[in-house]
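Scroll down for the structure; my scribbles are underneath it.
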Amino acid sequence: MRDKTRGGPGSRKITPGEKGHDIFFGPPTAPNSFDRSLNTLHDLMELIPSDSGTYETAKETRDGLHTACELMSTDDVEEDVQNLGEQVRELLLYVQLPKFFEHLQSQAQTIISMLHLIENAAMFAGDCSKPEFRDELGTFDTRKSILEDFDRQFKKLKRNFAAGKDSIDWSEAYTRKPVAATPGPVSTVEEETQSEVSTVEHEPDARTVESDEDQKLVDSLNPDFTPTNLLNLCCLEWTRKNLLLDVISWFDSTTEPNILWLVGAPGSGKTAISWSLIAELERQQRSAGEFFFRQNQHVPSQLWTTMAYKMAKFHPAIKSKVYNALMREDDVLDDIQITFEKFVAGPLKDLDARLSSRGPIILIDGLEQCGHGDSNWQALLNTLPQWLSLPPHCKLVITSRPQNDIASVFDGKNIKRIELLTGDDVDPDTNDDIRTYFLHRFAEMRKQDKSITEEWPDYDSISRLVEHASGFFKWAALAVDGIQEAAGERERHLTTIIEGGTTTKIDSLDQYLEDILSMEFDGNPAEAFRATMGAIALGKQPLAMADLGRFVEGRFPADSGVVKLRHKAYKDFLMDSKRCTLQDNSFQIDRSKAHRKLTVSCFKIMQQGLKFNICGIKSSYRMNYELEDKDSVVGKCIPSYLDYACQFWADHLRGIASTEKRDTEIVNLLKNFLHFHFLYWLEALTSKSLLSAAEWLETTDKDLSLFAADASRFALTFADVISESAPHIYLSALPFAPPSSLVYKRYRDQFPKTIKVLREEGIKWPAMRFSISTNNLFTAIFEAENGALLFGPFELHSDWIRSIAWSPDGQRIVTGSDDRKVKVVAAESGQIIYDTAFHNDWIRTVLYTVDFFISYRTVRIYDASTGTAVGEAWTTGQTGYIRAIALSPDNKILAAGSDDTTIVLYDMDRKSVINQPLKGHTSGIRSLAFSKDGQVLASASDDNSVRLWNVQTGKKICDPLYGHSSYVSCVRFSPDMKQLITGGEDYSIRFFDMDSLPVWGKSLGGTGPFRAAVALQDGNTILGFDGFSTWNWSVDDGRVENTPFEGHSEHLSDIQSVSISPDGKRVATAARNQTVIIWQAENGKSLWGPLEGHSDDIFALSFSKDGKMVASGSDDQKVWVWSAETGQSVCGPMEGHVGSVRGICFSPDGKQVASGSNDNNAIIWSVESGEKVLGPLEYHRDWIYGLAYSPNGLYLATASDDYTVAIWDVATGDRVFHVLTGHGGYLRVVNWSEDSKKIVTGALDNTIRVFDVDTGTLLCEPLTGHKGSPTAVTFRSSSHSDDLEVVSAGLDGTIRVWGLQMKNFVKTQTFSGYHNDWIHSISFSPVDDHIASGGDDGQLIVMNVVTGDLKFSTNAHPDWIRCVAYSPDGKTIATCSDDSTIAIWDADNGEPSLGPFNGHTGAVLSIAFSPSGNFLVSGSEDNTIMSWDLHPLFSKLNNPLSVYRGHKDAVNAVAYALGGGLIVSGSADAQIAVWEASASNQCIRQFGGHGGPILSICTSDKKIFSSSEDKTIRVWELSTGHALLSILQGHTGSINAITFSPDGTRIVSASNDGSLRIFDSYSGEPCTLPLRMSDRVLSVGVSRDGTLVACSGEDRSVHVWRANMARRAVWPDSFMRKVRGLEFCLIDDQGVLADFTLPDDGWLRGSTNEAMCWIPSVYRAGLWTPRTVGILGASETILDLRSVVHGTKWEQCRAYVFVEKG
């Protein structure tokens, strides 16, 4: 053996007796190949970390090898086994080669696989030495096969290890068959009851009396000699395999507890398991005694005396001990405790060493059947846990029912417990065992009756029987007995049992259950029995023992353990008046009465327990899943009994038998619940159960029934938001309920401080009724009424299932998958009937008709009976992939939906397209469905919506149906046309009511995707064109006029590009047929065209400013100009592009045309000559779609798919100004403001952005709201204010108007990624557009706030920078740090200028330049203030000019005052001090008033402003220290920094509450809403001109806001809007919703991601943002936020005058 002290990773020397490690005593002395393998494994274990899983596996393998070596030590080991041992050793040596040291840790799974296989080899080698296995393993073929498998796997693992593969990759080469009882017949059922035992022919006890000693033992101990026949009672072969192996393994364990409690319900098979264990113990010669208790046959005192006798017969040494004890004191046998101690425990303890090799095991079966009414019962129970004190090799096995008195004696004790699960908890192994049992019994039946076919009963029948048995062996036995006894009617009897299950009357079963009841009850049961059992039996989930008392009158122990019937058979028996007839039906439970009692209890529990904000949620911003320790909080606030009542009251209400008589108590309880506790109930639970209440009330209280139905609609409509956030039941759900809702009318006024929703009149409940969650990996079938799972899930495909369809008769389902297969399966079983594999790509959609089904990639028809293709594939002419198809009920029309967003209707007879494509979706079509009458087509799309179409006219029927938060992948009508069902990739199925479809917001019907829009010169009217009609919209009063276009239907159905003349009189359209038509907008008639000239698709059109010319650009790479007045060509073709022309525009004077192409370039052409004037203009890296001349004619803007806008000087062709960036999608449209200073853009990210041309910065946040890409953007001047507005049209069918000049600040820049730690300080340059920042990372960084360019970055300090400050002349920057130094830096290049200055002995927290810039003052953690002369001569001395002492804590803030003559300081001691700036160091005055440390100060000529941890700003008179004004309040966190605006009129503050606030420095009043950040704000600054505010903090970023310090915008007056007679405020008082984006999930969030409110899908398209001026094409929704409370104040939404009583 090699040196144990050396080795690879984790190796260490193991010494005997070392704590925490196993001690290995070595193999037996006789050497063989497995001995050597054991030593080699020992070496390997030293190389493996002892705390790893590999080491634990190695220990198990070591034990296995050791056992094998023991078994082989006395035998001559066969040669093939020796060879196997050598293979094991070679493998172990191989992995220990030095070159593989690293592999031992990196390939842990492969090593573990080796160890498991070696352990398996050791078991095989050991069994080869056991007599009982030699017959089986002695055959040549058997051994050869096993050894070859070992050889193959060892080689494979060795190869994997060498190649570096790490995986669990092994299987048992040898499987030891379970040890059965000694040969003999086995029973066909697991028997357990006394009556069954008594019918066995008993054999005499084998241990006969042989001597006087034996006779003494018999006479004194009086053991129970009841004989038994174990052979007839063992488990059926191959059943209970895993359980038996587990217990047999426990027999030999010295580490597990020495008591095993096998617990199970009556009929679960405990006794059969006991007999199988006895058989094994007899075989191992370890059975020291067994005792089978039987009701009325045994008493507690018999147990230990009988066991003492049997133990004496088991071992001579025990016999001697017991005999001697009897000689000394045989008069104590009446005392169970002494009997156990003297005659059982004592001998086993005394003989510990002698019994250790094969420890004795005793077994007690049916313990619960002894002790009823016996005074010694508890004494017996008390002795059981005392067995734990016996040596670990002495084992005790107990089997019993799960009785509390037995369980209580083991509470807190370390025992091994195995529970035989039955009913709902049954495990797969038990089900497999019962299946084996059924198969065995039916096989026996077939042997006896040759007329029974081999196929009977079939697999499904067996499965149904197994399901009914649910682990209840007794039911299985009696059921199959009944079938066997039925003789000629076996098939009928089998069918009856399968269909009826446990409700089927089986006489022998009923007798068995009656016997159990009789055993438990001496006489008639009390009413409490029926009430209690009714609650347990009808409970929808098991109730805790402690909770039972809440539902049933009576006293129950405070036990958290649940109470439930172990099997459904008990419940069905007790509730069947025809079966449960014992003692005149006194045990029978009336189902309806029991349900009524539970219903009443539920309502009373909810009435007492439900309340507003039951879980004490502190903030409405946090989602339910974000709550800390959510489960614990909910469990504490909503106890289990209240949770049960909330979940299941309706189930119990439904169980009450209907009656014509009004149940006044129930009605009154329901009324109280609905009128006073309904919303509180939603906090605890969202449920569909209110429909049950509505149905139940239908005949008794019509009004209350209507309320319950409305409440159900409320709960189902808002289920998503309620499940995500309980506060939003009140803040979101209630405000958005329709005003006609009974719930809204009842509760709305009780919660006044919530959003007021202004919407169109007549709003009803949205169409979506409810949704259920599912997944997309399996096929499952749900009940449409309530979403219950009926069948499945079926695992059919190896990849995603994209589509599913029913056969017309409902018997078959066809599925299409990404595995390229179509499968047809039986609907109920999931059995595959056939599959096809004709396609070579994903199958997107399938459709089943009467005679065939259709699937995709190409459209192809199959014969549904055979699965073979019929005819050739064909297409519909759409440009995108066809992902959805549907066939009309008469098989005449095929609808095909494509990735190109269109739907084509196809005549199946003529094989031609019908009319024009249906357009409206903004993304690809996923699914289509026809209504039963074929008149309506439903389409589901990637745009998260569903649309309904009139098949005859092609018109939309209603607004889009929203609800899904992701792609809608499937849509279907219910057969009665009352519901539309959709499935989506948000893993939900949603149900929409067809009688509640959302009507269009405008009276003239729905718009299509807008292709163009212009703002007319009157300042009020917008003209849009949707491809079929013009829409003339008066923004101010909301009037809309619609003019459909006439004629040229083929052209209109295939439009590629549109342009509207600036005066709104003409519309030009270009189609895929390569023509242009010019139309009159006012009447929709064509004026000129088709104009021909292009030879390919036309994708670009534009009118000249005067509307007299139209320019067109095509895929033929050419440009034409046409006269809009004559229809004649003005010039063209103009050629020069080498790619398709995708964008075009005129110069303002109409003399030039600019074109953009997919060659990435733009060209400017002369209209007069048709010649190229400039170009190609090269900059973009992708296609150019949008072009626009500036109104002054000097510049051209080009918008590209490279996400940028470039601006060109049209005189020189040079690129000028900044490149505009920020969009997250391809740019499509661009336009200029009338003053040529602003640019608006629209892109495929569905956003609009407005830029300042001079600076390249955003003038406002991105404008969001479109659900489809913008097709047109333009500016317009407001007709009622000086506000500049933006108009945008989109493919989502809306035109939107946005206001730009809002009275709130706009974030223009965020600099992130430069600092990698908190930014404690920022400072604006007093001379230019730069800002300096200092962070906890020690870096000083200077940025240009306008361009975003980095000027320089330097590692200024080795520790945190606490403060940065520009000198008054802007030439230098001062920094101070926790490294106790101050440094001065060149502001141009970041080079050191002066310093570092040393003097402070603690962190320097603040610095300030004197107004002259010649001096610097600093405040430190060392409680001192120092001033520094910055003249180069003095600064080199590195000594402070003056030191000021007087503060008692750190000096957090310093500033100069009175032109530099005074120094003001603020300290953590909450004091402000004023000092002479001269060398006198004199403190003029010191004063205070803050309730916490002062964090920041700033000064004017006469005032001092200070901020503090007490969340306030205070104002002081400089000359006296007296407080001025009132305290400035509003922040909810410490105020870390304050600063002045340049003119001194405003104070800007930054706080830990994540906000900036601006106050009037003279009045102290707030000047605007807070500016919101995502984290604590540590510093704030204002630019030299007062137009920019910047802040920094814990988010490691610098944020810059555009501000106007001269404006005063006080909420809400300054933010009120009046539109069309409505007055509202779109901004809340905290500025959370000063601007927002509405994501697909509907959550309206503030600037720091606060969840403000949830918007139902029906309101989202028309939701006004704070910038919205108007919306065309969607029902407008306006939120009035004047009275809203939210965040930590959300509980104030409730009116407290409301009385909660019924």
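Note that Cβ sites are derived from N, Cα and C of the backbone, with glycine treated the same way.
All annotation found in TrEMBL is predicted automatically rather than curated by experts.
The annotation compositional bias 'Basic and acidic residues' is assigned in TrEMBL to 199-217.
According to TrEMBL, the feature domain 'Nephrocystin 3-like N-terminal' maps to 248-401.
The annotation region 'Disordered' is assigned in TrEMBL to 1-23 (among others).
Annotated region 'Disordered' per TrEMBL: 179-220 (among others), in sequence order.
Taken from TrEMBL, the feature repeat 'WD' covers 794-835 (among others).
In the repeat 'WD' (918-959), helix, strand and coil residues by DSSP number 0 helix, 19 strand, 23 coil. Per TrEMBL, repeat 'WD' is recorded for 918-959 (among others).
Per TrEMBL, the feature repeat 'WD' maps to 961-996 (among others).
A Cβ distance under 8 Å defines the sequence-distant neighbours of the repeat 'WD' (1091-1132), meaning residues of its chain 6+ beyond its ends; these are 1056-1063, 1065-1066, 1068-1072, 1074-1078, 1138-1146, 1148-1150, 1153, 1155-1157, 1165, 1167-1170. Residues annotated as repeat 'WD' in TrEMBL: 1091-1132 (among others).
Long-range contacts of the repeat 'WD' (1134-1175) within the same chain: residues 1096, 1099-1106, 1108-1109, 1111-1115, 1117-1121, 1181-1193, 1196, 1198-1200, 1208, 1210, 1213, each at least 6 residues beyond the stretch ends and with a Cβ under 8 Å from a Cβ of the stretch. Per TrEMBL, repeat 'WD' is recorded for 1134-1175 (among others).
Counting same-chain residues at least six beyond the ends of the repeat 'WD' (1177-1218), those with a Cβ under 8 angstroms from any Cβ of the stretch are 1139, 1142-1149, 1152, 1154-1158, 1160-1164, 1224-1236, 1239, 1241, 1243, 1251, 1253-1256, 1347. Residues or ranges marked as repeat 'WD' in TrEMBL: 1177-1218 (among others).
In the predicted model, the repeat 'WD' (1220-1261) has a mean pLDDT of 91. Among the features that TrEMBL reports, repeat 'WD' is placed at 1220-1261 (among others).
What TrEMBL records for 1263-1308 (among others) is repeat 'WD'.
Note on the repeat 'WD' (1354-1395): residues 1317, 1320-1328, 1330, 1332-1336, 1338-1340, 1342, 1401-1409, 1411-1413, 1416, 1418, 1420, 1428, 1430, 1432, 1435, 1438 of its chain, located 6 or more positions outside it, place their CB under 8 angstroms from a CB of the stretch. According to TrEMBL, the feature repeat 'WD' maps to 1354-1395 (among others).
When Cβ-Cβ distances below 8 Å are used as the criterion, the repeat 'WD' (1397-1430) is approached by residues 1359-1360, 1362-1363, 1365-1369, 1374-1384, 1438-1445, 1447-1456, 1459-1460, 1463, 1465, 1467, 1475, 1477 of the same chain, each at least six residues removed from its ends. Marked as repeat 'WD' by TrEMBL: 1397-1430 (among others).
Look at TrEMBL and you will find 1487-1526 (among others) tagged as repeat 'WD'.
Marked as repeat 'WD' by TrEMBL: 1528-1560 (among others).
Counting residues 6+ beyond its ends, the repeat 'WD' (918-959) has Cβ neighbours under 8 Å at 803, 845, 880-881, 883-890, 893, 895-905, 965-973, 975, 977, 980, 982, 984, 992, 997-1001, 1005-1006, 1008-1009, 1027, 1267-1269, 1290-1293, 1640, 1658, 1661, 1674-1675 in the same chain. Taken residue by residue, the repeat 'WD' (1220-1261) breaks down under DSSP into 0 helix, 19 strand, 23 coil. With a threshold of 8 Å between CB atoms, the same-chain residues lying at least 6 positions outside the repeat 'WD' (1487-1526) that come near it are 1449-1450, 1452-1458, 1462, 1464-1472, 1474, 1532-1540, 1544, 1547, 1549, 1551, 1559, 1561, 1563-1564.
Counting residue by residue with DSSP, the repeat 'WD' (1354-1395) contains 0 helix, 24 strand, 18 coil.
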